[in-house]
Amino acid sequence: MGRFIFVSFGLLVLFLSLSGTAADCPSDWSSYEGHCYKPFNEPKNWADAENFCTQQHTGSHLVSFQSTEEADFVVKLAFQTFDYGIFWMGLSKIWNQCNWQWSNAAMLKYTDWAEESYCVYFKSTNNKWRSITCRMIANFVCEFQA
């Protein structure tokens, strides 16, 4: 009887310790390094995809990459959901144009751009990031911190 209790207690401790590893993400999301990810095979332009992500879960946005390992995880996950191609990431020039500066160091106050702001997508044929008009339609991956 003592051995049964010991083994049962050991299994309970093991179960409780393992249950916290992926329990922070909803069941239809995937977990990696404290973040939850979900690819969507619902092509949208960048702004609509970002808006869609914010409605899926508190704190959710289009995916951002902090390491090669994270990018590899997300790419594999994404292409299990949709075929190879492209998908939106959360990187864009929409929100912050302070990267632009005149050569005389004057701040950029007036603009007359010919094109819309650019957004970044991941291209599977060479695993590189590319920028294009934010109006393009693409699949996307949402992410939030668990």
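Placed from the backbone N, Cα and C atoms, the Cβ positions cover glycine too.
Recorded disulfide link (Swiss-Prot): CYS134 to CYS119, out of the candidates CYS119, CYS142.
Candidates considered were CYS25, CYS53. The record in Swiss-Prot pairs CYS36 in a disulfide bond with CYS25.
Between CYS142 and the candidates CYS53, CYS98, Swiss-Prot records the disulphide bond with CYS53. Cα-Cα distance from CYS53 (disulfide bond) to GLU70 (Ca(2+) binding site): 19 Å (rounded to the nearest whole number).
Cα to Cα, CYS134 (disulfide bond) and SER64 (Ca(2+) binding site) are separated by 16 Å. Among the recorded positions CYS36, GLU70, CYS119, the ones whose Cα is located within 10 Å of the Cα of CYS142 (disulfide bond) are CYS36. In this structure, CYS53 (disulfide bond) is part of a helix by DSSP. Taking only the Cα positions, the spacing between CYS119 (disulfide bond) and GLN66 (Ca(2+) binding site) is 18 angstrom.
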